Amino acid sequence: MAERPGSPGSREMRLLTFRDIAIEFSLEEWQCLDCAQQNLYRDVMLENYRNLVSLGIADSKPDLITCLEQNKEAWNIKRNEMVAKHPVTCSHFTQDLHPEQGIKHSLQKVIPRTYGKCGHENLQFKKCCKSVGECEVHKGGYNEVKQCLSNTQNKIFQTHKCVIVFGKFSNCNRHETRYTGKKHFKCKKYGKSFCMPSHLNQHQIIHTKEKSYKCEECGKSFKRSSNCTTHKRIHTGEKPYRCEECGKAFRWPSNLTRHKRIHTGEKPYTCEECGQAFRRSSTLTNHKRIHTGERPYKCEECGKAFSVSSTLNDHKRIHTGEKPYTCEECGRAFNCSSTLKTHKRIHTGEKPYKCEECDKAFKRHSSLAKHKIIHTGEKPYKSK
């Protein structure tokens, strides 16, 4: 549906299609993306298509979506010509923003996106710089520009050397919604309103607990394809994040970051009560319960409470009789991993607990504590 041409303020108004918001790459462009950027691209395109489906706009499934769902390379799909020939302006901004002439096949130059018309003129933004904050030409108006673009789609173009902010919008009302902050998209179930249909879609996923991405191996479902991809490493054994110091590999980058602190000695989490420092925030949280006396983990069988969930899990095995930790040396089984670890010292002869007074070493910390009484003369057990 379009207004009559020639009248003041005439503008093209039509339904948004997936082709309007699709971003497509050549082989050269696709190879410029690292693995994380390619995964992000897939997530964004699939999310955009789901948004159109939820609004009843999408017709037949595009080849690009079929390709992405099958994890095929996106550049196999023929690209559309999406380059404006003339400088364009937006009525919300005073300066002209010119698209680059002679676009090269590289993400570090310009990858345009096309939408339709907004107001009197098309709307395009393009500026290359090291980061969004360093965008000199658009520094004053960037916050407004940012409102006019999908946050998830912007992420794709934040490459190492170049930030591309590029777009047109097919609907002036859609553009003004982002600009003014008006919320036209309402959740029928809870009444909450959103500026963008994608935000409404994300909200609906939360309260419907929809999980679209399923692991074929174990059946576990996830809200994001990236989370499903990461989860699959449990089954495949893939550990792509390797420590340069010792060669140990990890499934997740966060685990590698924590591991590196072993080499650096960094302990960024400090207890305000006693000053003891820890490598992990979770360890600090558990430690604080020593001072507060909090024991939030309670055994339903006997009522005994614990400060750490793992200790409760170990305790429960007393009731069930389960002993999942077996010594490979002698076959003896234990109900918790720490007990097995201590037991193994019988076979290895390891004695990690050393007395500072006489250098005598022990397999158990409790044995060292008892030994120290010899030096202190302390008599903890009084006869009645």
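Any Cβ shown, glycine's included, is placed from N, Cα and C.
Noted in Swiss-Prot for the protein shown:
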DOMAIN    16-87  domain 'KRAB'
ZN_FING   185-207  zinc finger
ZN_FING   213-235  zinc finger
ZN_FING   241-263  zinc finger
ZN_FING   269-291  zinc finger
ZN_FING   297-319  zinc finger
ZN_FING   325-347  zinc finger
ZN_FING   353-375  zinc finger
Average pLDDT across the zinc finger (297-319)? 91
Mind checking which residues of the chain, 6+ beyond the ends of the zinc finger (325-347), have their Cβ under 8 Å from one of its Cβ atoms? 314, 317-318, 363-364
Other same-chain positions with a Cβ less than 8 Å from the zinc finger (269-291) and lying at least 6 residues past its termini are 258, 261-262, 307-308
For the zinc finger (325-347), DSSP counts of helix, strand and coil? 11 helix, 4 strand, 8 coil
